Amino acid sequence: MAKKTYDLLFKLLLIGDSGVGKTCVLFRFSDDAFNTTFISTIGIDFKIKTVELHGKKIKLQIWDTAGQERFHTITTSYYRGAMGIMLVYDITNAKSFENISKWLRNIDEHANEDVERMLLGNKCDMEDKRVVLKSKGEQIAREHAIRFFETSAKANINIEKAFLTLAEDILQKTPVKEPDRENVDISTTGGGTGLKKCCS
């Protein structure tokens, strides 16, 4: 049997209206790539990326969901096992922001109670086309006690920071396992809270 190359597996989910840039956000993080010609996600897709946090190798299994209503039944079935959910809206599309309340209700109905949530206002590089003020995103994040970032997959703004912060929040509430391994060094190497990227 092959030896595991990671210590922990975190399942993350990207949700939000169609066209807000979920797939672009995912590809920027997983492959450091940006493509303007992505077609709409059909149903659900996922990427894997391994990162290192506090000396632990964490495999992130990131699911990219379709935003269209006709895929609603398929995608909500993936909420249950998610440990972290990113809600994405487009700062140039007011409707996508208004629908965040609907997506939050979906999480309440279908996800685990202790799931970590994060709000992303994407396409922040398009300041000249902005219709959703940053303060609006901050307000809804405060109301629901969740983290908030404005991101740009195109300009690579806050993408890695958002994913690593979400992984960090999940790690903080993950119980330390493996009590049978006496040689485990639980001290954090290097101290501090340095978030280190590791190649997938």
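Just so it is clear, glycine is given a Cβ too, placed from its N, Cα and C backbone atoms.
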Suppose you had to name the range Swiss-Prot annotates as motif 'Switch 1'; which of 17-31, 32-46, 152-166 would you pick?
32-46
If you check Swiss-Prot, which stretch out of 64-81, 172-189 is marked motif 'Switch 2'?
64-81
By the DSSP assignment reduced to helix, strand and coil, which category contains Asn122 (GTP binding site)?
strand
Through the lens of DSSP with three states only, how would you label Cys24 (GTP binding site)?
helix
Quick one: among the binding-site residues Cys24, Met126, which has the most Cβ atoms sitting within 10 Å of its own Cβ?
Cys24
Calculate the distance in Å between the alpha carbons (Cα) of Ser18 (GTP binding site) and Asp64 (Mg(2+) binding site), and round it to a whole number.
11
